[in-house]
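Note sheet for the following structure.
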Amino acid sequence: MSDTLLAALDSNWSAADPAALTPDHAARLAELEQLDPALVALYRRGSEVLAGAADANTLRDRHTALLGRERGVITLGLAEMPRLSVDERKVRGKALNLVKRWLTEVHDARREAIALEREAADALDVTLPGRRGFTGRPHVLSQVRDDLLDLFHGLGFSIYTSPEVELDEYNFEKLNFGPDHPARDAHDTYFAGPDVVLRTHTSPGWVRAMEERKPPLRLVFPGRVYRAEAVDASHMDQFHQIDGLFVDRNVSMADLKATLNTFARAIYRADLPTRIIPIYFPFVEPGVQMDVQCVTCSGTGHIATAEGGKRCPVCKGTKWVEVLGAGMVHPNVFRAVGIDPEIYTGFAFGMGLERIAMGRYGIPEIRLFLENDLRFLEQF
Amino acid sequence: MKLPISWLRQWVEYDATPQQVAEALTTRGFYVEGVELHGRAYPGIVVARVLEANKHPNADKLKLCRVDAGGAEPLRIVCGAPNVAAGMTVPLATLGTVMPNGLEIKRAKIRGEESEGMLCSARELMLSEDHSGILELTELFAGRELKIGSPVDAYFPEPDAVLEVEVPFNRPDGMGVLGLAREVKAALGGRWTVRAQALLGERSKAADTFDLACEDAEGCPSYLAQVVEHVTVGPSPAWLVRALEAMGQRSINNIVDLTNLVLFEFGQPLHAFDLAKLDGPAIRVRRASAGEKFTTLDGKERELTAEVLVIADAKKTVAIAGVMGGERSEVSASTTDILLECAWFQPARVRRASKALGLSTDASKRYERGVDPAIGSAAAARFLNLLLELCPGAKLGASKRVHAEPQPRTLTLRPSRATRLVGLPFAIDRCEELLRALEFGVTREGVMLKVHVPTWRLDCTLEDDLVEEIARSNGYDRIPEAPLHTGGAYATRTPRERVVRRAREAMLARGLNEAWCGSLVSESEATAAAEALGDEPKLVRLVNPMSREGEVLRPNLLPGLLRACAHNLRQGAPAVRLFEVGAGVLDRGGRLPEERLMLVALVTGQRWKHSHDTTGALKDGAYDVRGTVDFLDAKGLWEAWLSEMRVDSPQWRAYAAPGWKPGASAEVAVGASRIAWAGTLGQSLLRPYEIEVPVHVFVALLDPLVEAASATPRAKVPGRFPSVRRDLAFFVPRATTHARLHECLGGAAGEVLRSIELFDVYEGPGTPEGMKSLAYAMELQHAERTLAESEVQEIQARMVAAVARDCGGQLRER
Ligand SMILES: [Zn+2]
């Protein structure tokens, strides 16, 4: 019986020991020997050819030959059953079902193994580079500016923008630089006409804002400014500032100090020592300069070298680095915009983006900012 | 301004180190940039005696010396100087010494003989140029006992600390040692020295014996003319040379040196004329005649205007008042009699003259900022006393003084104002104390102070100026940090700010780097860029550009990005993808030019940052990710950006202008307004930058987007009934655009059309002559029910009919 069924299988089919797929292979053979010895050869051969199927297609063909519903060996075996006695039928039926279940198990295990082998064969070199699109980086000055604007937004400062090409009246006159004011010399000015300049600072924005709006005013003024200077490693004729202004009924230097220290703690380091000292600008009175402790020399004024030390090149031995100018809005500026300095007081401050960026990222040359070399831009 | 401690000590008695003086000045607003030691210090160089000087065994010109440097054993020193001999007392640089020229002395073998130091010449110590032999110290320090082994520094004068002080613009009094001494005195609680009191009390006496007339009393309210006869012009004595050297001023001759000394002490410019060269002799202070020519000390002939104040003699101009003297009346070696000028000129007048002539001098800068109008007399007295001392044969001659007393200034100070501005309570006593320390005169008037401003404090004109005096004298470090408050103001972001932020972020998301380009460009770059956008090139030109490359403001952002593109291509970048947000500036006839906010983007080079073929699947005609960006790649970026900017159905239309590649440029409109340009640039725009690869750019105006981007969309519920997909291809005449066909199909489909996407463009075998095939995928959906097949058929029929009617096309049957 088994031989006729076996004949339905190709004798050239590759075979393998199914023990790896069904650990109880030997026990099954023994059980079948007991139950229906005529089926032992069938199960042995069937399980071996299933285990020996090299790939999914071969396995499918052998599955069809063994377990196919129409012409599979098991189906053929069941078809022969009517010719058997009732007792034989009982045994044969039970044994065939057992063989069918076991072969299905071997098949499933082999199919699983083939899938695993297949996956393993498809393994990639995961270190190959991906197909990658471009990524865009915001300009380093944008990042510094946005950090500052976010900080000041949190402190309640809105943004005010004013023109880059500005009237002398706004850039100088109303900021308390009279026509013959010697401090004009500190602003090497590009002129675009008799009374038209490229703004030399972002402070003209305060004048425009104060003319346009009523206090309380809490504003920041980011933008590009110009100075007619020859360009070199540390000088550009175009650079960027952010001014700030707070005008209300009782604004004092103590409020200014709080804002400046909050700025320094957020942008530099929370525990970096700061100081404010007097300085002169025509548009503030009193005037304030804020310094932070030099980080290059940790506020010692000198740095270690092979020869035993030298003066710190960053702070030039002063232990401090200037970060911004500030002060209380000059009463003449208030008068120029029609605000009564007896009713309102205010503070203002201004800082350079490049200076902060150069300090933060260790950028050695100011002209790198507008050169737009991708190798520079993509670092930040 | 340099402040040598040696000078300061002559004026003020105080108890502090140079570092403490520097700290005090800095925290009072006179920023000290550094403290330098002036005078030589020679750490490591000691006094030594030469015990033996024998011939070097291996070199004729060298000597092998045994030198006593105070140690237990004599040192072996190889020396090349011809004069070295046993018995000399010499400077020895010991091992490890760093010489003034930076050379470090190390143990060395010289021609096989060990040398444990170096004997020094005068030049090696930078004492003089003498390098003929080793310095003999017994000659240099004649009469002094020199201890062998002691540092040579013990015999040199102690180095002087010199502070480099940044004097604020409003404090011209700080341009003299006297002014800084006043600050130090107030800061450190010092006292005037006896000498200072004497100098400040001196007054020059003037007779009415010289022919002096001030014809412009406004420009020159104060002028002293003093003749000194029988002076001897010659070198200055050593003390004067050294004193000026500490100030960084080279000695010229005794007369000039004395004017400089007094300038540095009192901040008062003095001028000495050669009396013999003055016609009259007389002095007239007057306006120049317009067009008058005058040759200044620097040898340049200058044309004067009537605005310029000049010093003239009886016949001719001899100096530009407060700016510079003339060549002809300069003091020279043959001068015997001089006329001293000590004057006060109106700051604004000096400034205007200096600006008009383009001539800025130390004197003009001081006069512009304001010299103490009351110091002249003491300064002149100081000069004259010293001159008579230096030239024993000299005597005072004729003189005359014109002098208008400076207007006294009295201000009122409310301590409450100081308290309010500084945020720290100030009692009236404290205000008075602080102001008095700075020599302000103070009288009480109830709760207020009447403050008499000293003549040298030209900066103090308002009450708030006094508040600053109080705040800085009290110390900014004592100002408390108030709790943060906003006074009720709160931060908002305007729609425009949000548009700018979104515009940047949407471009970054497309893989473009943000650039910040310069705003100043050349005229030719600007003109070409303006014309590319159809703008009349009304450029904003600088009156005083630094270079031709930066003579006009950019009319849009194209030039900067093209410069950046060219730079990166030169550096070998395989792709350049940059954008910038900024303002283009054009003159539109207003008082100020228009600053038009825009975003400009540029792409060129490879499509993907990285891509490699792992399958060999790329075949002819396939879209090659390794290829270079073309018009449609770029357009895809711009379309995606527009979509992120919430631009609803932008219309792309062919656009032609100089600078673009013909047939590869478009303008983008929404309704009637043009909001953007896009396309491939042409040779005329690229050639000046030497760019030879296709460059695709996009220019978008941001202001028109503000409204669209800030509109709040109304929510639509997605359709819940099944949609129907249909792919239809049409043959249309070659000239028919996608936009035309797309619009035609959309119109015919009506409101059930959910989407219509082009998926194929074909022209080749099977296409009728003069035609092309465009294939579209359409999705139809009804909002309230499922579409019946008959309805779909009907819509399709309408589309086919519309294409035939409006575009002359036909359905392409399969
Ligand atoms: Zn430092």
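Backbone N, Cα and C atoms are what each Cβ position is placed from, and that goes for glycine too.
Lifted from TrEMBL, the feature list:
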- B:ASP459, B:ASP465, B:GLU468, B:GLU469: Mg(2+) binding site (BINDING)
- B:39-147: domain 'TRNA-binding' (DOMAIN)
- B:406-481: domain 'B5' (DOMAIN)
- B:719-812: domain 'FDX-ACB' (DOMAIN)
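Sequence features annotated in TrEMBL and their locations in the structure.
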| residue | record | contacts (Cβ under 8 Å, 6+ apart) |
| --- | --- | --- |
| B:ASP459 | Mg(2+) binding site | B:ASN170, B:ARG171, B:ASP465 |
| B:GLU468 | Mg(2+) binding site | none |
| B:GLU469 | Mg(2+) binding site | B:LEU434, B:LEU435, B:LEU438, B:PHE440, B:CYS460 |
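Secondary structure at B:GLU468 (Mg(2+) binding site), taken from DSSP and collapsed to helix, strand or coil, is helix. In this structure, B:ASP459 (Mg(2+) binding site) belongs to neither helix nor strand by DSSP; it is coil. Around the Cβ of B:ASP465 (Mg(2+) binding site), a 10 Å sphere holds 20 further Cβ atoms from the protein chains shown. Residue counts for the domain 'TRNA-binding' (B:39-147) by DSSP state, with H, G and I taken as helix and E and B as strand, are 4 helix, 41 strand, 64 coil. Across the domain 'TRNA-binding' (B:39-147), mean pLDDT in this model comes to 88. Break the domain 'B5' (B:406-481) down by DSSP state and the numbers are 33 helix, 16 strand, 27 coil. In terms of DSSP secondary structure, the domain 'FDX-ACB' (B:719-812) contains 34 helix, 32 strand, 28 coil.
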